[in-house]
Each structure stands twice: as C-alpha cells, then as structure tokens.
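Colleague: Attaching a single structure in structure tokens format; questions to follow.
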Amino acid sequence: GQVRYSVAEEAKVGTVLGRLWQDVGVEGGDVEARRLRVVWQGRRAGVEVSGASGALVVSSRVDREELCGKSAACSLRLELLLERPLRVFHVELEVTDINDNAPLFPAARKNISIAESSLPGSRFPLEGASDADIGANAQLSYTLSSSEHFRLNLQKSNERSNVPDLVLTKPLDRETVPVHRLLLTASDGGRPSLTGTVELIISVLDANDNAPHFNQSVYKVQLLENATAQTLVVRVKATDPDEGSNSEVTYTAMNFIPPSGEDIFSVNPHTGEVRLTGALDFEEVSVFDFRIEARDKGTPPLSSHCSVELEVLDVNDNAPEVWVTSLSVPVPEDAPVGTVVALLSVSDRDSGANGRVSCWVRPASPLAVESRLLGSYSLVLREALDRERVWEYEVEVFAEDGGQPSLRASRGVRVPVSDVNDNAPRFSQAVYTVLCRENQGAGAEVARVFARDPDEGSNGRVRYSLWEGAAGERAPVGGWRPASSYVSVDAESGVVWAVQALDYEEVQVVQFEVRAVDAGEPALVGNATVQLFVVDENDNAPMLLPTTGGGGAGLVPPLSPVAGTSLEAVSGQESETLWAWASWGGPAGQVVAKIRAVDADSGYNAWLRYEVLEPRGKGPFRVGVYSGEVSTARALEEADGPWQRLVIVVRDHGEPSRSATATLSVSLVEGGEKALAAAGSSSVSGLLLPGEGGTAGVVSSWTNVWLVVSICAVSSVFVVSLLLYGACRW
C-alpha cells in the first residue's frame with residue numbers, strides 16, 4: 001500500500017512526521033536490524049529516518065517554494081526499503097504551505113505620468129505584487145492611501161490574479177498639484193497577513209489628451225514548448241486618433257507573471273510583434289501572463305494596455321529516467337521463478353501520454369520486468385537459471401514513453417549467477433579400453449582417466465577412487481582376486497598405477513570401475529569402467545614334453561647343453577636326449593621320432609618351429625618345421641654308421657625369439673626282426689617301433705594342424721582388439 005504524511009514548510013528540525021515502524025507493521029526492535037532506509041524518487045526534501053526510533057523526522061529546512069514553486073499541490077514520492085526480507089513501502093510526503101512570503105512589488109517606487117486633460121474615470125494600470133506562496137496565502141488585496149483625485153479599482157486579469165488600476169475621480173490641475181504621492185499596499189490572505197508597499201509618484205502632464213487604443217484587451221496564445229528562438233508569439237495593434245507625434249505609438253512589455261518571462265519574451269517597440277527570445281519548458285512554467293503598454297509620443301505621452309495570456313503546450317522532450325533502487329546479487333542458480341532481483345524506479349517529466357512509460361528488458365534472458373505501482377517496477381526471474389550455461393547476465397532495462405515520436409532511456413544491470421552443486425562429475429569416456437604390456441613393474445602408469453565437473457570452486461573439485469562395489473570388481477585369474485590387488489588410482493590426477501607386475505599367463509583382462517566424487521554439499525558422483533587388456537610378451541621359452549608309453553621317442557634325463565652351436569646365444573631350455581631307431585635300406589620319409597614341445601605364451605610368441613641344428617648341411621635325417629616329426633631324408637646306408645646323433649632346436653616366433661634344444665640318438669639296425677630282438681633285450685624304454693611311429697606321426701600331424709588353427713584364431717582376436725581400441729580412442 002501507500003503511506004501518506006504531511007509536513008508544513010519551515011517545520012523545526014527534529015519534528016516527527018510519523019512512526020514508520022507502526023505504519024508499515026514492523027516490530028520496533030527490528031528497525032535497526034532490518035536497515036530501514038529512505039530512497040527518494042526525483043526531488044529530495046530535508047527529512048530522514050531516525051535509525052533508533054524508526055520515525056520519519058525533519059532533518060533540515062523544508063521550503064515548499066524551493067521544492068514545488070507555484071504548483072498547487074506539492075507531493076514528494078519516496079520509498080522505504082526494509083531488508084531481511086526485502087520489502088518496499090511507498091510514501092507520499094505532502095509539503096503544506098505557510099504564509100512565510102510577503103507580497104513583493106517589482107520596484108519600491110513607481111513613476112506615473114498623467115495628462116491633466118485626463119477625464120475623471122480614466123484608468124491607469126498598476127504593476128501588481130507577487131507572492132511566492134499559494135492558495136489563500138497568495139490571494140492579494142490592495143489598498144491605496146487616501147486621495148481626493150484617485151481611487152483604486154481591482155481588475156481581474158485571469159482566473160488566478162487581480163491587477164490594480166488607478167482610477168481618476170476628479171480632474172487634475174497641474175498648476176495646483178503637479179505631483180501626487182500615494183502609497184499602494186498589497187496584503188495577502190494569510191493569518192497573520194503580510195504586506196508589501198510601493199510608492200506611486202504621479203506627475204501631471206499637459207496636452208496630449210488621446211491615449212492609444214488596442215483592438216482587443218486580451219490576447220490568448222498557445223505555443224509549443226519546443227518553439228525556437230525568434231518565433232512570432234503574437235502581434236498586438238494599438239491606434240491613436242491624435243495626429244503627428246501624439247499618434248506615434250511604441251510598445252513595451254511589462255508585469256510578467258512569473259517574472260522569468262521577462263527573459264523569454266521581447267516586443268518590437270515599433271511593430272508590436274512579440275517574439276520568443278528564450279527557451280520554453282512546459283515542466284517548469286505552463287502559463288505566462290504579461291501586459292503590453294502602447295504609449296504615444298505626445299506631450300505628455302498617453303498609454304493604454306492589453307494583456308497577453310500564453311499557454312505553453314507540452315511536447316515529448318523529456319526521455320524517461322530509470323534508477324535501480326535496490327539490487328540483490330549474485331543470484332543462486334537454483335533461485336525459484338519469481339525471485340525479485342532488483343527494484344527499479346521509472347519517471348518521465350512530461351505529462352499526459354508523453355509521460356506514460358512502459359518498460360521491458362533486452363536482450364532476451366530469464367529476467368523480466370513487472371510493474372508494481374505507478375513508476376515502480378521489479379526485475380524478476382521468469383525462468384530457471386543455469387550457471388554452467390550462462391554465468392552472468394548483462395541486461396538493459398528500457399523505458400519508453402507514449403509520445404510521438406516516443407523517447408526511451410535505458411539502464412544497464414549486471415546480474416551474476418552464483419553456483420550450486422547441481423552437476424555430477426562426468427568422465428570423458430563411459431568405458432576406457434587400455435592395453436598394458438605384461439611384466440611392467442609396480443608403480444608403472446597403465447592408464448589415465450579424466451572427469452570434468454562444470455560446477456565452480458569446491459563443487460567442481462574432483463577426487464578419484466577405485467570402486468569395487470559391494471563385492472568388488474574382480475579379475476578372472478586362477479582364484480578370483482579384487483582389482484585393487486592389480487591397480488590403484490591417484491585421487492588427484494586420475495592416473496591408474498600398477499600395484500604389481502601383470503602376468504599375461506595369469507590374467508588377460510582386468511575390469512574395474514573408477515568413481516569421481518566432487519567436494520560439494522551434498523557430494524555428487526560419476527562412474528566410468530576401465531577394461532585393462534594385458535598384452536603378451538615373449539617371456540617364456542618353449543618347453544619339451546615327455547613322451548609316455550611307446551608312441552614316440554624316449555626322453556631321458558637332461559644332459560648338458562650342446563656346445564659349439566650358434567643357438568647358445570639365445571635363451572632357451574637345456575637340451576634333452578631322446579632315443580630312437582631306424583633300419584638300413586628304409587625308404588626316404590620314414591618317421592623316426594616326433595619332438596613335442598609347448599610355449600606358455602600366446603599368439604606368435606607360442607608358435608613353434610623345429611630345425612635340425614646338428615649335423616649341419618645335408619644329413620640323412622630331417623625334421624618337420626611345424627610338426628616336429630623326425631624322418632629320413634634319404635635311404636639309410638651302412639656307411640651312415642651304427643647310430644646318428646641329431647641336435648634339434650625348438651624356437652618360438654617372439655621378439656626376441658626364445659628356444660630349447662633336444663638331442664636325438666638314432667640307432668641304425670638291419671631289419672625289423674633284429675630291431676624287435678634288440679628291443680626285447682634293451683633296457684632303454686621309449687624305443688620307437690616303425691609301426692607305432694607311423695601311427696603316432698599321423699596323430700601328431702593332426703595335433704599340429706589344430707595348434708596352428710588355434711594360434712591363428714588367437715592372433716585374429718588380438719588384431720581385432722587392437723582395431724577396436726584404436727577406433728574407440730579416435
């Protein structure tokens with residue numbers, strides 16, 4: 001609502017105008033805590049709020065005439081602001097007039113020349129007094145000192161003032177009384193009444209007995225306030241029936257109300273044209289009254305007067321004014337729709353449609369202007385805020401009046417948005433696929449994860465942790481083990497470290513979840529899955545398998561490695577010794593023995609090939625490159641001796657290659673019966689019979705085929721994994 005107070009001008013300093021805290025419904029003890037204060041709109045008066053009592057008191061001299069001039073109503077608008085919570089009350093302060101200004105004449109003395117030929121009843125206009133007060137205090141009455149020749153007559157010039165005329169009641173005789181001295185007194189209607197005086201010095205002149213005469217007594221004119229200098233206001237015309245110099249008329253402007261009109265208008269003394277010499281301002285003065293005197297050049301000169309009433313018409317020459325009376329920033333991004341951000345005061349000094357103002361906000365934003373009372377607006381939220389999208393709004397509040405053309409003004413308002421923890425950390429990838437070579441030492445960096453939180457300050461600080469859930473994410477190894485036994489995550493940087501060296505033969509994939517938690521209240525969480533693929537290294541040498549039964553060559557306890565061979569430079573298994581037999585005269589391609597070996601690695605690192613290391617060159621025996629079958633390269637002869645010693649190396653395809661060697665001793669016999677006899681009498685187990693050797697060779701060939709197929713399949717899976725990882729990273 002709106003509270004009204006009234007104060008008389010010139011009230012004593014300290015005068016209490018009203019108890020604000022009672023009128024606005026605030027507890028007396030809350031006045032200082034809620035910071036009750038006054039915000040003026042436009043003109044300011046000498047009143048303030050007492051901080052202790054919460055009363056509106058006079059703080060300095062209050063002069064109604066200085067604040068409002070001649071305006072009939074003198075009302076000042078102000079706003080009372082209360083904080084915690086923010087409330088605003090509109091107060092209208094009416095300043096009432098007292099009779100503190102006496103009537104004032106333009107001059108202390110007035111010289112008047114009157115021809116002695118003037119007839120009784122002749123009127124002589126006098127300059128009236130002015131009173132800065134209003135109403136009854138400015139209603140003037142006039143009295144004239146006693147005289148047998150003159151009396152006073154009041155002439156109503158318009159609805160607002162009376163003008164005194166001096167009326168001749170008895171013919172003058174210059175020879176008897178050449179000069180008459182009278183005292184004109186102006187009294188106002190105040191209580192007590194104040195007075196002002198002017199001395200009239202009347203000189204009686206002879207001759208010229210016809211005064212000029214205006215064609216109309218009152219000229220009413222309307223003029224736009226934006227009229228330029230030298231604009232013709234009105235042309236007055238007075239005629240004099242006399243002849244010669246007695247009929248030559250000159251014009252003079254006088255008795256301006258308000259007196260400032262003397263600097264705004266001028267009259268051409270010869271033509272009677274009234275022109276504008278200053279600037280008009282409807283907001284300062286809307287009506288000017290003045291009189292024009294037409295005086296002839298007779299002796300004595302005669303004169304007559306007419307009135308000019310000029311009404312100033314308003315034009316839209318004042319742009320609206322916008323003030324920010326209160327601003328509550330920054331605004332939390334979770335502030336509800338309808339939250340008041342700022343209080344605005346808008347005014348326009350023009351009147352009518354020129355003074356009607358509308359407001360809006362640009363550019364488009366979640367902020368809008370709402371009208372509260374006449375000239376008072378609120379800047380409120382109409383949409384929810386998001387600091388991560390827009391952290392600050394720079395808006396302009398525009399005010400436009402209803403004039404033609406319209407005028408507008410603007411006021412910039414900066415509204416920063418404060419952060420709340422409304423965004424969880426978010427990883428750059430939902431799933432991280434990482435390749436890690438086996439045998440990297442503990443503490444080696446195997447991966448790096450990153451989560452971004454768009455919030456500000458502590459709400460955006462992220463810490464990482466390895467989350468194993470209720471039962472923990474576990475890696476499928478021999479016996480399930482938690483992921484934390486393999487890796488750990490740096491809380492600050494998100495770097496994933498190896499806790500121990502990873503062994504491909506023990507674990508091929510470690511899958512775990514990394515959790516990112518911000519420092520907000522309450523804390524928000526983001527998750528990402530890390531799939532760690534262990535890449536095989538060639539860290540296992542081939543290992544020879546023992547032969548069971550009579551299906552292959554016999555394996556005896558290992559002997560010392562073969563000396564003098566170039567393969568000794570490559571790491572490998574110690575040489576094993578095998579025993580087999582072959583018959584002289586047998587055809588080429590006879591399978592003598594089969595060497596079997598395995599490699600704990602995978603892929604190319606486990607793909608084995610067999611070579612004859614000794615004897616070098618073309619010997620009687622050869623070995624299958626991938627099958628390991630030892631067969632005759634040609635028909636055996638007695639010249640080949642009773643036995644042959646072969647050194648066979650088994651190597652993988654890794655980088656660097658690893659190998660193992662086996663020594664095969666082949667006894668050469670004459671035929672199958674002798675071989676059987678030898679087999680029956682031999683104490684060496686594992687002697688390979690020809691029939692058994694052929695059957696075992698076929699089985700071993702199929703085993704090697706499936707081994708090659710398995711190796712190719714594993715290699716294909718590995719290549720596909722690399723391609724998928726590269727695609728995900730891209």
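These residue numbers are counts, starting from 1, taken along the chain as shown.
Using the three backbone atoms N, Cα and C, a Cβ is placed for every residue, glycine included.
Unlike curated records, TrEMBL annotations are generated automatically.
Straight from TrEMBL, here's the annotation block:
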type: DOMAIN; residues: 49-105; note: domain 'Cadherin'
type: DOMAIN; residues: 106-214; note: domain 'Cadherin'
type: DOMAIN; residues: 215-322; note: domain 'Cadherin'
type: DOMAIN; residues: 323-427; note: domain 'Cadherin'
type: DOMAIN; residues: 428-544; note: domain 'Cadherin'
type: DOMAIN; residues: 587-684; note: domain 'Cadherin'
type: TRANSMEM; residues: 705-728; note: transmembrane segment
Colleague: List the helix, strand and coil residue totals of the domain 'Cadherin' (428-544) as derived from DSSP.
Modeller: 7 helix, 53 strand, 57 coil
Colleague: For the domain 'Cadherin' (49-105), report the average pLDDT of the model, please.
Modeller: 74
Colleague: Other than its close neighbours in sequence, what residues sit by the transmembrane segment (705-728), given a CB gap under 8 Å and a spacing of at least six beyond its ends?
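Modeller: Hits for the transmembrane segment (705-728): 429, 431, 433-435, 533, 602-604, 606-607, 626.
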Colleague: By DSSP, how many residues in the domain 'Cadherin' (215-322) are helix, how many strand, and how many coil?
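Modeller: Tallying H, G and I as helix, E and B as strand, the rest coil: 9 helix, 52 strand, 47 coil.
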